[in-house]
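To start, the structure under review is shown below, and the notes come after it.
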Amino acid sequence: MWRYLGIFSLILASSVFRTAACQSIPLFRVPKQQPASPPSLFSSNVSVSDVNGFAYLARMDIGAQNFLVLLDTGSSDLWIVSSGCTEDDCSNVPKYQPTPTLDLSPTAFELRYLLGEVSGVIGTETVGLGRFEVLSQVFALANQTAGLGLAATGNSGILGLSFPTEAAIPDTSGRTLLENLVSSLAEPDRYFAVRLGRDSGGSSFTVGELDPAYSDSLSDFAFSDVYSAGHAAYDYWKVPLHAITVNGTSFDVSDSRVPRAPSPIAIFDTGTTLILGPSADVDRLWQSIGGARKTDSGWQVRCDRAMVIGMVLGAGDGAKEYAIDPADLSWLEGGRDGDWCMGGIQSNDDVSSGDWLLGDTFLRNVYIVHHLGNSTQHPMVGLNGLTDPQTSLANFRLARGNDPTPPAPVLGKVTHHRYAISEGAICGISAAGGFVFGGVLTVVISACVARRAAKY
């Protein structure tokens, strides 16, 4: 699966870059637990606590020291815990020790999270990812962390893979690691691909090539331009969402609240566990699915509720329906309360850069390519559906038993007022958010995940 090719050198603006022509990097799925979050900040959302989750980690070297970092397509910075971090939050994880190749900047680094925070300084160091190596790569050394629960997962930091406009480290300090990685490749190969598995061995992260275990040709993917409003800079990996299907019947989603967007906008994020959408749509969706109940802590669904849900995503000829495995919607791994499981789709009205946030419960059903664009084309997202709806439904029934609940009618779209955008409010369960660390599940959804306040 992991192929190592010859190394060559390339001079960049402030870095010397050595890399294989293409590269596959091992990706690990690990369970995570973290203390419960505080109550919801928004009336349309409920807070995160008592929910199981998983983090997807990649291994990398910084200053010849090896670390596991959270793979996050919803942020843009690379940061790592430094030896100066003595907080309980960063205890028992590997910490960066200064080396002769470290060059510190006087620029301070600080990210405030709705659930936790990180602060430190900015520097440059030799960074290795697989067989890639970047000299003088800018990154942040975290001297203080709080509320991130790093020790629970074992990751020492975050590798952000979104667009540089969302980086907290100023561009005057240097280019993001992603920019440096892809700029060394031929223009057609300036992409990375991610496959999130359902077990510890089924994940993949490649740069400049595909994993042949899932696809050997870009022609297998339906590509769409990354959505950007007018001449605005690209911020996140996002495309239009045209409709959701419930057991083959179209379910119309609400109009977008993103300025000038012709349809609702979906953001792809490996750092978020669930699918999050407008509360009015999510309520109507679960009512259309049936066998579900809304509690004070979010939507639950019967653990044997069999359903076929699809999402029609993409722009123009790239629009296509992608099926979601019912095991990701009646999410047993999220915990259960008797016959009830956590719903894999939950409410959020404060994703200001989009309308829907597609986390791991969606991304486990596709192989996704993130192409940063080149001199002739815009940045693009390519999706290759991996879930066959009938096969997944049969496997679900085999594992969970027969579903006695009768089908429910699919409810039509209701005109409603979306809550005002609260800048920086991210709600959902992220790999850095809160998860179960106790007995019976109380299903809850996050008001605040451990991410930068300005995100989305």
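Yeah, the Cβs are placed from backbone N, Cα and C, and that goes for glycine too.
Predicted, not measured: the structure shown is a model, and the values here were computed from it.
Candidates considered were Cys22, Cys85; the recorded disulfide partner of Cys90 in TrEMBL is Cys85. Per-residue pLDDT, averaged over the domain 'Peptidase A1' (56-384), rounds to 92. It is Asp72, among the active-site residues Asp72, Asp269, whose Cβ has the fewest other Cβ atoms within 10 Å in the structure shown.
Neighbour list (Cys85 (disulfide bond), Cβ cut-off 8 Å, at least 6 residues apart, same chain): Lys95, Gly120, Ala142, Asn143, Gln144, Thr145.
In three-state terms derived from DSSP, Asp72 (active site) belongs to an extended strand segment. Sequence-distant contacts of Cys90 (disulfide bond), defined by Cβ-Cβ distance under 8 angstroms and a gap of at least six in the same chain, are Val81, Ala142, Thr145, Leu148, Leu150, Ala151. Look at Asp269 (active site): DSSP puts it in coil.
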